[in-house]
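Taken from Swiss-Prot as is:
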- Cys105, Cys108, Ser109, Cys110: Fe(3+) binding site (BINDING)
- Cys108: cysteine sulfinic acid (-SO2H) (MOD_RES)
- Cys110: cysteine sulfenic acid (-SOH) (MOD_RES)
Amino acid sequence: MSTSISTTATPSTPGERAWALFQVLKSKELIPEGYVEQLTQLMAHDWSPENGARVVAKAWVDPQFRALLLKDGTAACAQFGYTGPQGEYIVALEDTPGVKNVIVCSLCSCTNWPVLGLPPEWYKGFEFRARLVREGRTVLRELGTELPSDTVIKVWDTSAESRYLVLPQRPEGSEHMSEEQLQQLVTKDVLIGVALPRVG
């Protein structure tokens, strides 16, 4: 007896698989109404490195806020409304003249979404995740950041308990700049710790 059932797998795109999974979960009422739309809004518009730039610039000009940020990063970011998934346990890492902090997620690609936005592609790559821990200075140099030989590089591995944000040193030449202008110096790479804020 012949059969018309094919034993050859039909390839599907990740988008098609995600849509099929979504439909199954929705049909079983396992996804709250509006959840996906809300998450899409957060990812597309609300989670952004500009949020982190506002936090850093505020810390540069406001000593009380800086102290709060270093004591309780979650509470400090919440003052701006930067909360939500991956932002429950925010820890600010303060750069000093002798210490440069860098963030990595050695197991996957977790970041502090509400303040850093979604991770860049290179951050998710195995090479970056594996090499940064072993040869941080070399990796930073390859990414365009040259540090003095006596600077200690501290690599912080993101976990379920901690989501990090680098608080860089305020750059020389920025003394005359307003808080809004200072925000423009802080990029996603600066917040991750692989770049330095620069004036001009």
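Yeah, the Cβs are placed from backbone N, Cα and C, and that goes for glycine too.
For Cys108 (Fe(3+) binding site), the same-chain residues that are 6 or more apart in sequence and have a Cβ closer than 8 Å to its Cβ are Lys124. The Cβ of Ser109 (Fe(3+) binding site) lies under 8 Å from the Cβ of Pro119, Tyr123, Lys124, Arg129, each on the same chain and at least six residues away in sequence. Taking the mean position of the Cβ atoms of Cys105, Cys108, Ser109, Cys110 as the Fe(3+) site, the remaining residues of that chain whose Cβ falls within 8 Å of it are Leu107, Thr111, Pro119, Tyr123, Lys124, Arg129, Thr158.
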